[in-house]
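*Asks:* Please find one structure pasted underneath; my questions will follow.
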């Protein structure tokens, strides 16, 4: 029996309750596919600060480094907002990304037919949207030096530096091509090559890498045009790959196109490690009430199966079970609409588990 070690970082707010449901789904997947998942829990974020004074204790980092993948709930909350910046819960997550060199952020954006009215776009424009935005996460203008606010002759000025090395570009571009190859074989590279030298180099390297992926269709779009096309023709996108700042903007825009924050999973991937987490925050206002939507976390676990464990069929089975659950009318309060059946965190997972059992034969 194949065995995988998963670091489980439940975090703050609704984190523990939504992660608990994702683990129930993983256990069911293990049963269906004859795989064993071993969970090792670690502290992170506000909970870690309260217990150890550190948003990322060394013990947690050790657990992550000894695992095959990491599943995270959520970090942060108003309780810790007044702490010094370097001691806030979010610092724990940033440090994990840095320590494990998680350079590729994957943000799927899929419109579910049952939730199509949640999108701010017209149904005929958005129906069938299923894309993934891959954002370079560890370099670019957010990290470049020199940076800062300075004063000269009594006037202030500010500097930020956008810098990418060839290796940094090449590895994220390869990740884009590889993921496109596993999907619908179309890659959109987004840059500003008509103005920025960094983007000109980016485009050159994309063209060089294209030689290694002749089966993948490639298009180049400028960032401004891409931002427009995302709302004009979202269904035309499969995989988007881009730098840090452009990816920051486009991944949020793609999420709004979908319209349901509680349905958005994400992954941060490196060459050795990968971390999976929902896009939404810790929602402390509803923590412990049993009404949080666990679907984004369950979908994040499904991404883990696909991208860390190469269990593509298991990933597809989970997506199908969620789709069926939504089609049957079950909704947590955040995605509820009139005529549907309002259920809680555990109840919607119960329905997903029932559908996993019912649909499993088509995916094994």
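Using the three backbone atoms N, Cα and C, a Cβ is placed for every residue, glycine included.
Positions annotated as NAD(+) binding site by Swiss-Prot, on the basis of similarity to another entry: 77-90, 281-293. According to Swiss-Prot, the substrate binding site annotation covers 97, 107, 135, 224. Per Swiss-Prot, Mg(2+) binding site is recorded for 224, 248, 252. Summarising the annotation, Swiss-Prot assigns site 'Important for catalysis' to 142, 192.
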*Asks:* Taking only the binding-site residues 97, 107, 135, 224, which one has a CA atom nearest to the CA atom of residue 77 (NAD(+) binding site)?
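*Replies:* Smallest Cα separation from residue 77 (NAD(+) binding site) among 97, 107, 135, 224: 97.
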*Asks:* Under DSSP, is residue 142 (site 'Important for catalysis') part of a helix or a strand, or is it coil?
*Replies:* helix
*Asks:* Can you give the largest Cα to Cα distance in Å, as a whole number, for the residues 97, 107, 135, 224 that bind substrate in the record?
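*Replies:* Per the listed residues, the maximum Cα distance equals 28 Å.
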*Asks:* Select the most exposed residue of 77, 89, where exposure means the fewest other Cβ atoms within 10 Å, treating these as the binding-site residues.
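*Replies:* Counting other Cβ atoms within 10 Å of each of the binding-site residues 77, 89, the minimum falls on 77.
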*Asks:* Nearest to residue 252 (Mg(2+) binding site) by Cα, among 85, 89, 135, 142, 192 (recorded positions)?
*Replies:* 135
*Asks:* Among 97, 107, 135, 192, all listed as recorded positions, which has the most CB atoms within 10 Å of its CB?
*Replies:* 135
*Asks:* Quick check: of the recorded positions listed here (107, 135, 142, 224), which one has the Cα closest to that of residue 287 (NAD(+) binding site)?
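*Replies:* That would be 107, nearest by Cα distance.
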*Asks:* List, in sequence order, those binding-site residues among 81, 107, 135, 224, 248, 283 whose Cα sits within 10 Å of the Cα of residue 192 (site 'Important for catalysis').
*Replies:* 224
*Asks:* Can you tell which of 81, 224, 248, 252 has the most other C-beta atoms within 10 Å, given these are the binding-site residues?
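*Replies:* Counting Cβ neighbours within 10 Å, the top one is 248.
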*Asks:* Going along the chain, which residues six or more apart from residue 283 (NAD(+) binding site) have their CB under 8 A from its CB?
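*Replies:* For residue 283 (NAD(+) binding site), the qualifying residues are 13, 14, 74, 292.
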